[in-house]
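Undergrad: If you scroll down you'll find the structure; I have some questions about it.
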Amino acid sequence: MTTAHFSLHPLPPPRVILKAPLPAHNSTNGARRRIINPPCMVCSNGGQSQSQSQSQSQSQSPDDYHATLKALNSKGRTPRKSLGQHYMLNNEINKHLARAANVEEGDVVLEIGPGTGSLTHVLINSGAIVLAIEKDPHMAAIVSERFASSDRLKVLKEDFVKCHIRSHMMSFLGSIKSLNHSKSRYAKVVSNIPFNISTDVVKLLLPMGDIFSEVVLLLQEETAVRLVESSLRTSEYRPINIFVNFYSDPEYKLKVPRTYFFPQPNVDAAVVTFKLKQAAEYPQVSSIKSFFSMVNSAFNGKRKMLRRSLQHICTSLEIEQALGRFGLPATSRPEELTLDDFVKLHNLIAKE
């Protein structure tokens, strides 16, 4: 099969301004918190000569439009839609991802889908020791060759959603600690992930608070808002909101325009942070497995009352009585219950 090359277009993507982010959404209580805005970035010469501007750009942004195409063409690659490949062209966004995770010297960082290595470059320059997992063997070769002289990167050619990430991380952390390279007990996740695996990645990582202290992801904006904003009585309030808040404290940080990616997707993106909880901080339920089984059952059937959707667990009357014990009406529906409400309901039903 012949692989086509991308031609190197003479003009970069449209010049845009990174606007200040929307107020952050705190999914725990619905409050909006102020966040620190990143510097306003205007892609213009700002009074400098063209040669000065180009020189400064080349020294500060080794992963711009032309460099990205050059890296892809070196392996005869084109971005694969099936893998959700969209490469970040604005290095300031990569820096913001690293800052959001407070990446420092000696931190161990997991990166999912490093692509051409633009974010990897920022993480290593911040002092991190990076484990990168890349499904595309050609991209794995590109990032491996780019950092061949660095001892701060290990690349695994695997599908993240299918690999044994816990085993990989435990082995990686063990090897680093034996060399006294890591300063922290916990690792971090910083990634610009393919939009089509966002939910899978979140479900895999958030329960791993024993390994990771925080997860910082660049997601499709709609997904970011849906995961972080847990407003009751809306069609967007789903079991994933309960899951996210059970295992973490999420925060929406920054909207990222679609024009900063190559190829340009049809949607904007957003940076989201998840501060992972330790097991002792999880809501107290008798069984996590049975708790989420109950939550998923509760949401099966559009706008179905809990006394009907949970009949396989106990009788309708018992469910009504359990709801009444913490002040909820007998006709309650799942989209009307908070995480705390579901915890109380589960523990009452489990005891009965």
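In case you wondered, yes, glycine gets a Cβ from its N, Cα and C as well.
TrEMBL does not curate its annotations; it predicts them automatically.
Summarising the annotation, TrEMBL assigns S-adenosyl-L-methionine binding site to His86, Met88, Gly113, Glu134, Asp159, Asn192. Taken from TrEMBL, the feature compositional bias 'Low complexity' applies to 48-61. If you look up TrEMBL, you'll see 93-278 marked as domain 'Ribosomal RNA adenine methylase transferase N-terminal'. Per TrEMBL, the feature region 'Disordered' maps to 1-63.
For each feature listed, report its degree of burial, its nearest neighbours and the pertinent distances within the displayed model.
TA: When other Cβ atoms within 10 Å of the Cβ of Asp159 (S-adenosyl-L-methionine binding site) are tallied across all protein chains shown, the result is 12.
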Undergrad: Find the average pLDDT over the domain 'Ribosomal RNA adenine methylase transferase N-terminal' (93-278) in the predicted model and report it.
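TA: Mean pLDDT, the domain 'Ribosomal RNA adenine methylase transferase N-terminal' (93-278): 93.
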